[in-house]
Amino acid sequence: MNQTTINETCLLNGGVGLHSGIKSNLCFHPAPADHGIVFLRSDKQIEIPATYRYAKPTPLCTTLEREGVIVETIEHLLSVCNGMGIDNLLVELETIEIPIFDGSGYNFYKKLSQAGIRQLAQPKKVIRILEPITFQQGEIMIYVTPATAPSFTFSIDFDHPQIGQQEFSFNLTESNYSEQIVRAKTFCLEKDIPKMKELGLVKGGREDNAIILDKRGQFKNLDIMTWLNEPNLHKILDQVGDFYLADNYRIIGNVFSHKSGHSSHLAFIRYLMDECQDKYEVVELT
Ligand SMILES: [Zn+2]
């Protein structure tokens, strides 16, 4: 199996950053083999590869920073790249944030699918897990075991009657991703919104781009939802994106996670890549 990129340059206009509220247009360009997923802040002429080496922990999104220039909320786009098996892509933008669109990965998926995916001459590389790896941060747990294909089992536990404890298992293939994950929208608890606004966040948050779990114990905007367990599915969408920070290699293994989020995903990938070198190998798919 070979590396891929998109067929042609394409524009995705009309989005707004979830946290900054800033309008942003994206331009996707094809890229050569071993280029990886790279963001170009064209206003600063800085390129930032989408790897854990440039990622920094932020509570509500995943952010890249290089030489003081940042690109935030990259996780949904990165998830789509992992989900579609795109190895190489240059993403050009002029502001600090990737737009949220409808809160899922669907707009990115639709645009990149329209551009078309093409194979390059060089073999695709993946991370193969050789031994179990355990990571714990308080009550957060991430556990990865060797397997012949990538899978994610994610359990959440939110203090809200519509969520509570849930678990979902997902085998990562291009078709499963497009059918089960890519449309899962982000979500938040209504009681947390004033706190987030005080911190200057969610300026672009609206009732049509985030599922809101209200104070009465209901979904406030059930009409925008596709599945009742959509918050759990969105956690997997986020994790598929954050885990692509492993130098844009898909991880072949069974991933079990409990209550993890962007910061712990990044901490896990850093731990895996820098401290567990004897427990995985980067291999070419033949
Ligand atoms: Zn998300």
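Just so you know, glycine gets a Cβ as well, placed from its N, Cα and C.
Keep in mind that this is a model prediction, so the values were computed, not measured.
Going by what TrEMBL states, the Zn(2+) site holds His234, Asp238, and the candidate of His35, His76, His160 recorded there is His76.
Cα of His262 (active site, proton donor) to Cα of His234 (Zn(2+) binding site): a distance of 12 Å. Fewest Cβ neighbours within 10 Å among the recorded positions His76, His234, His262: that distinction goes to His262.
Around Asp238 (Zn(2+) binding site), a 10 Å sphere centred on its CB holds 24 further CB atoms from the protein chains shown.
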